[in-house]
Amino acid sequence: MNDSLMIAGKSYRSRLLVGTGKYKDFAETRAAIDASGAEIVTVAIRRTNIGQNAGEPNLLDVLPPERFTILPNTAGCYTADDAVRTLRLARELLDGHALVKLEVLGDPVSLFPNMPETLKAAEILVKDGFEVMVYCADDPIQAKMLEEIGCVAVMPLASLIGSGMGILNPWNLRLIIDQAKVPVLVDAGVGTASDAAIAMELGCDGVLMNTAIAHAKDPVLMASAMKKAVEAGREAFLAGRMPRKHYSADPSSPTSGLIGS
Amino acid sequence: MIELIINGKPERLDEAPTVLALLEGRQLAGKRLAVERNGEIVPKGQHAHTLLTDGDRLEIVVAVGGG
C-alpha cells in the first residue's frame, strides 16, 4: 500500500518522527533511531565548546544529513527573534536546508507554546523561504492561522513536552485534523505505544516524540514498539473502526444452530 | 589589541583574525558548524574573507541532541 506522508512536497515512508535528545550516548541515539524507522529526526542548535574537546564527536556524523532528513528545532527560544536567528544558523549549518521545526516557548515550567510569538516567527520564516513545521497549542483557530501563514505542517501538543501524559484532548485534535489542509502531527506528550496509536487512529498524519523513547527503560525496544504503534494506528484509521454500540451487545458467533434448540 | 565576544564570553586577541583563522586556532575549521556575526550569518564561503573587528559578537553553533 502506498501511503506515504507528504511534507512540503517530499514523501516519507515513516509517519514517526523522533527527537535525538536525552539519550545515554550517540550509539544509543543511533540504535533507537534505526529501530524506530524514522526518516525525519529533530536536532537542537547550541553554542559549540570553544577550544575544548576538539575531537568530540558531532551528532551529524552519527546521523548524516545524506541519510536522514534533519529537522532543526528552536527548543529553548522564548521570542520570535531568537527562534528566527536560531533557524537561520541552522540553515547555514545544514547547507541551505529549508525544513525546520519552529517552537517558541511561553514559560519554562509548562513549555507551553507562546502562540503570539509563534505566529510572528512563522510569518518571518515563511517569507524567508523556510518550510515550517510548527509546534503549537491544540487550538483549532490558531492552528488554522499557522496554516494560512504558510506552515507546511501543524504540530499540536497532545500534553506537555516530556510529560508522557498521552492524548489529553482528542476532541481538539480532531477539530484541527478535520479542518487542516496540511499534515497534522502530534508533537509532545506521547508516553507509550498506545498513545501513539490513539493519535494515529484520530487521523493524525504523524507523531513526533523524543522522551517516550529516550527515557524508556529500553529505548531501542520502545523505538520498535512506537514504529509498530504508529503503523497500527494508521492502518486502523484507514480501515475505519466499527461503530460504538453503547447499550447493546452483538454476538460474534451465530445465534442459530445451538444444540438443544 | 581587540576584544571579541565569542559565544557570550569576551576574548582578547593581539590582532584581528578572519573567521577562518579564528576557527583554525580553535581546531574548529572544517567542522559542521555555523557562524553568526553581530546577528548576521557569515556563510561558509565567506569565512576566509571576513575580517573580524573590535567588539564583534560571534555565535558559533553546532547541532546537538534535541526533540
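Positions of Cβ are set from backbone N, Cα and C atoms, glycine also.
In TrEMBL, the 1-deoxy-D-xylulose 5-phosphate site is described by A:Ala188, A:Gly189, A:Asn210, A:Thr211, and among A:Gly162, A:Gly233, A:Gly240 the residue recorded at this site is A:Gly162.
Spatially close to A:Thr211 (1-deoxy-D-xylulose 5-phosphate binding site) yet at least six residues away along the chain are A:Gly19, A:Gly21, A:Lys22, A:Ile161, A:Gly162, A:Gly164, judged by Cβ distances under 8 angstroms.
Looking at A:Lys101, A:Gly162, A:Ala188, A:Asn210, the recorded positions in this record, the fewest other C-beta atoms within 10 angstroms of the C-beta turn up around A:Gly162. Distance from the CA of A:Lys101 (active site, schiff-base intermediate with DXP) to the CA of A:Ala188 (1-deoxy-D-xylulose 5-phosphate binding site) is 13 Å. Under 8 angstroms separates the C-beta of A:Asn210, A:Thr211 from a C-beta of chain B, among the recorded positions A:Lys101, A:Gly189, A:Asn210, A:Thr211.
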